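> After the structure tokens below, expect a handful of questions from me.
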Amino acid sequence: MAAPTMKERQACWGARDEYWKCLDENTEDASKCKKLRSSFESSCPQQWIKYFDKRRDYLKFKEKFEAGDFQPSKMTAKS
């Protein structure tokens, strides 16, 4: 598989950004962003989609942690 061209990368990043914006505006309700998710999936290589999904999860976790909203699980609290 050839590496994506600059135009393909920009289309992927744009689709990702639109999807993430939709999630932010709809309090993470993915059902309201299905069309944008489809566009994201059709614009990006599968490996990139996995990476971006994990990256978003990490960034949201980090945001909560830094804001002091993180609550450790009961298993973690016992350790």
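Note that Cβ sites are derived from N, Cα and C of the backbone, with glycine treated the same way.
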> Just choose from C22, C44 the cysteine that Swiss-Prot connects to C33 via a disulfide.
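That record, Swiss-Prot, gives the partner as C22.
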> Taking the Cβ of C12 (disulfide bond) as centre, how many other Cβ atoms lie within 10 Å?
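For C12 (disulfide bond), the count of other Cβ atoms within 10 Å is 20.
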